[in-house]
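Visitor: Sharing a structure with you now.
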Amino acid sequence: MELLFEYSIGLFPGLLLIALFYALIPKEYRLFKVVILIFGFILMRDAMTPIGLWTFGIEGNVMWLRFIEDAFILLTLAFTSLIVALVITHFNKTPMKWFKEQDKTKSILMGILAAVIVAIPLMIPYFYVPVEDRGGSFPPSLWIVLLIFALFGNFLEEVLFRGVFQEYVKEKVGVIRSILLSGLFFAIGHTFLAITVTDLGVLILVFTLVEGIVCAIIYERYGLIPATLTHGLTILIISAGFI
């Protein structure tokens with residue numbers, strides 16, 4: 001509870017400025033509003049690092065990620081993210097589709113498969129680096145909590161980068177460029193995390209560029225829910241420590 005309070009107090013001044021700035025932007029400058037929303041999300045995400053809500057590291061050129069082992073904190077952040085995402089989808093003028101195919105089972109399976117494909121470059125080296133050297137094991141009793149956190153937290157990210165930003169720019173530049181712009185913007189959004197907040201450097205930028213483009217493709221072809229599965233399950237795979 002103290003960590004959540006510290007996290008909230010630390011975020012408040014920045015989020016207040018962002019909210020005021022957002023409110024003053026004229027309605028016709030939609031892209032500007034979208035970018036400000038994403039900037040607010042980046043602030044919320046990167047503020048998790050200095051107070052220990054998640055930890056990154058590199059061992060033998062292998063990147064690893066671990067979240068705090070606290071069910072209450074993870075679930076609070078998860079459901080807060082879900083509520084914010086649903087509010088954004090409700091008020092967003094650009095329609096975003098949960099599924100873009102009638103065959104929802106196929107769409108879900110493609111989202112899961114894409115997560116495995118994105119995570120494979122990290123999964124293979126994990127077999128050669130002991131789990132103790134890359135953050136340690138994450139308690140199996142919290143795997144379900146971590147799954148909920150990964151899906152709900154990254155649902156917010158997918159709503160912003162894919163459902164809002166990608167859909168908006170697609171109207172202006174077409175499908176292919178919107179996918180590339182969505183992936184590039186997603187990677188750019190991790191620059192501070194890569195260079196100033198952590199020392200992960202280029203590894204996380206390459207990883208997030210690939211992840212962002214794959215999620216953008218899945219979103220364009222199958223919809224928001226499959227893209228969320230791709231993103232969320234990728235994070236689950238690399239953070240749960242079961243490999």
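For all residues, glycine too, the Cβ spot is worked out from N, Cα and C.
A TrEMBL annotation is a machine prediction, not a hand-curated record.
Look at TrEMBL and you will find 140-234 tagged as domain 'CAAX prenyl protease 2/Lysostaphin resistance protein A-like'. Annotation comment: TrEMBL describes 6-24, 31-51, 71-88, 108-129, 141-161, 173-195, 201-219 as transmembrane segment.
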Visitor: Near the transmembrane segment (31-51), which same-chain residues lie under 8 Å Cβ to Cβ, leaving out any that are not at least 6 residues past its ends?
Guide: 3, 6-7, 10-11, 14-15, 18-19, 21-22, 25, 88, 156-157, 160-161, 164-165, 168-169, 185, 189, 192-193, 197-198
Visitor: Between 0 and 100, where does the mean pLDDT of the domain 'CAAX prenyl protease 2/Lysostaphin resistance protein A-like' (140-234) sit?
Guide: 94
Visitor: Going by DSSP assignments with H, G and I as helix and E and B as strand, what are the residue counts for the domain 'CAAX prenyl protease 2/Lysostaphin resistance protein A-like' (140-234)?
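Guide: Each residue of the domain 'CAAX prenyl protease 2/Lysostaphin resistance protein A-like' (140-234) counted once, the result is 87 helix, 0 strand, 8 coil.
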